[in-house]
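The annotation phosphoserine is assigned in Swiss-Prot to 214. Annotation comment: Swiss-Prot describes 242-261 as region 'Disordered'. According to Swiss-Prot, the feature topological domain 'Cytoplasmic' maps to 1-6, 102-122, 196-261, an assignment based on sequence analysis. Residues annotated as topological domain 'Extracellular' in Swiss-Prot, with sequence analysis given as evidence: 28-80, 144-174. Here Swiss-Prot flags 7-27, 81-101, 123-143, 175-195 as transmembrane segment, drawing on sequence analysis.
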């Protein structure tokens, strides 16, 4: 998969994940009434992070928001905080990833800058997905605990022969939406981090070459400029060599042992 394709797929997955997180946070069906023991009922109750609703058999639905903050369970407030943090980080990462797309050119932005922005958005998407998954999982754990506690309290008295009427809640649709959305955001963040490696410029290693200056020296004197190139010394040496060398005629003028034969 090319870098551009990986980046675009990660961007689309992150958009879907962020939209799912927003939808799950605003949904009212985080917990729904368990109808296992009473499938036919005139009232159906379900609750969300922000309000609780009651739907009657006639089709009329009445929702009542939570008018208190401090009176809510600590776990519910923690779930709210996790979902909000996940949405904020996902929105910031989405904004950064738009400018980091390789198929979009903004001025003279270098590939190294796009690589850094891609890595930043990928980390934000990963943290956003983890926050969403953690928030939904905490709420699900709270539902499971309350469900079994309510089940135990229903069969009390006379050796468990007397069954009391008590409302139990089970998983709502918002939990599954949140899990899927968090997973999509997490996958998008991982793919963004993978695409960052393709955008990073490759480092080129150059071999060091030693450079030696020429042997010509330049001498500076207060009286003026005089360049000493070394030709004078070479001329003198040449004259000495020429003076010491014998010409061919001079060599032949001296008698040798072969001349007397």
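The backbone N, Cα and C atoms fix where each Cβ goes, glycine too.
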Give the nonlocal contacts of the topological domain 'Cytoplasmic' (1-6) in its own chain as ranges (CB under 8 Å, at least six residues past its ends).
102-103, 191, 194-195, 198-199
Going by DSSP, how much of the topological domain 'Cytoplasmic' (102-122) is helix, how much is strand and how much is coil, in residues?
12 helix, 0 strand, 9 coil
Any idea what the model's mean pLDDT is for the topological domain 'Cytoplasmic' (196-261)?
52
Apart from its near flanks, which chain residues at least 6 from the ends of the topological domain 'Cytoplasmic' (102-122) lie with a Cβ under 8 angstroms of it?
3-4, 7-8, 10, 14, 93-94, 96, 188-193, 195-196, 199-201
